[in-house]
Amino acid sequence: MPNSHSSTVTYSPAYTIVPTYECFNRCTYCNFRTSPGQSPWMTLAAAESILLQLQSQKVSEILILSGEVHPHSPQRQQWFQRIYDLCELALGMGFLPHTNAGILTFAEMQKLKNVNVSMGLMLEQLTPALLQTVHRHAPSKLPEIRLQQLVWAGELQIPFTTGLLLGIGETKDDCWETLAAISDLHQRYHHIQEVILQPHSPGNQQTFDAAAFDPHQLPEVIAKARQILPPDITIQIPPNLVQDDGWLLACIEAGARDLGGISPKDEVNPDYPHIQEQALREILQPVGWELVPRLPIYPQFDNWLTGELQTAMKHWRTNIRDSKIVKKL
Ligand code: SF4
């Protein structure tokens, strides 16, 4: 049972827009990608029509989640511009964009900072052993390149979400080392808002032939992560990948306090439908946990935003506060 100081579990009312599923990497556990040239890019007109419908649905976060175009591809500039334009469109329509588009250059991150309240990139696992297995054909998964992204996010003061993928061939010590690396970078830049612990959950498209990460191990990993990570970093778990109410509650007891973006579809794990807000509330409330919406930027980072981002964020902070007051009346 929670105590009165920690009885809140958060989630982000979100919708995911995918600029393109094409990706030049081939991670063997991937259930998202298509080969380059095989999936049409999301047009601004198509995105606008989706966003118009979302305006009446209390969705605050637009997650821009994209496969990667090779840095040296002639399409790269056009790909980046499409992502930027989609963020700008979402922001202009009152939403709070959060982009995760894989590996970016410093200049690309700097530009996206102007149209995103936060950004993200999973570290997954830092052990180089995976470069011989699941990441053999995934140049973007070089550990030093991914760590560099977190450094740049810190230098640019971009509130950042990262995380671990569990059950892709790592050892427990590999996990603790990856968490320690996140902790070290956060102590330098104070920019990591949350760490996702994502259990590998086999899907229809992947070629990686391994069982799902055993959810019974997740509370132990969460408890250890809670010891390694600074207290101001929230631990997030995806509830659709912990397919048992009891274990979901065990994960929360162990220290997870966020359930991530709840949207109509989990684009990364399309075989595992999201549990929607009301169903989550029904699991949590009877044992004393209150499920509350949050924004894709945590409050301690609000003063890192400027201009239009600051205005949009303030609007949503008021909106969330008012909806809580209305609920209590
Ligand atoms: S997991 Fe990400 S980087 Fe790897 S192939 Fe899939 S979309 Fe590309």
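Glycine is treated like the rest: Cβ placed from N, Cα and C.
The model shown is predicted, which means the values in this text are computed figures rather than measured ones.
Summarising the annotation, TrEMBL assigns domain 'Radical SAM core' to 9-240.
In this structure, CYS27 ([4Fe-4S] cluster binding site) belongs to neither helix nor strand by DSSP; it is coil. According to TrEMBL, the feature [4Fe-4S] cluster binding site maps to CYS23, CYS27, CYS30.
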(message) Which one is it: of the binding-site residues CYS23, CYS27, CYS30, which Cβ has the fewest other Cβ atoms within 10 Å in this structure?
(response) CYS30
(message) Neighbours of the [4Fe-4S] cluster site CYS23, CYS27, CYS30: Cβ within 8 Å of the Cβ centroid, same chain, sequence order.
(response) ASN25, ARG26, TYR29, PHE32, ARG33, GLY67, ALA138
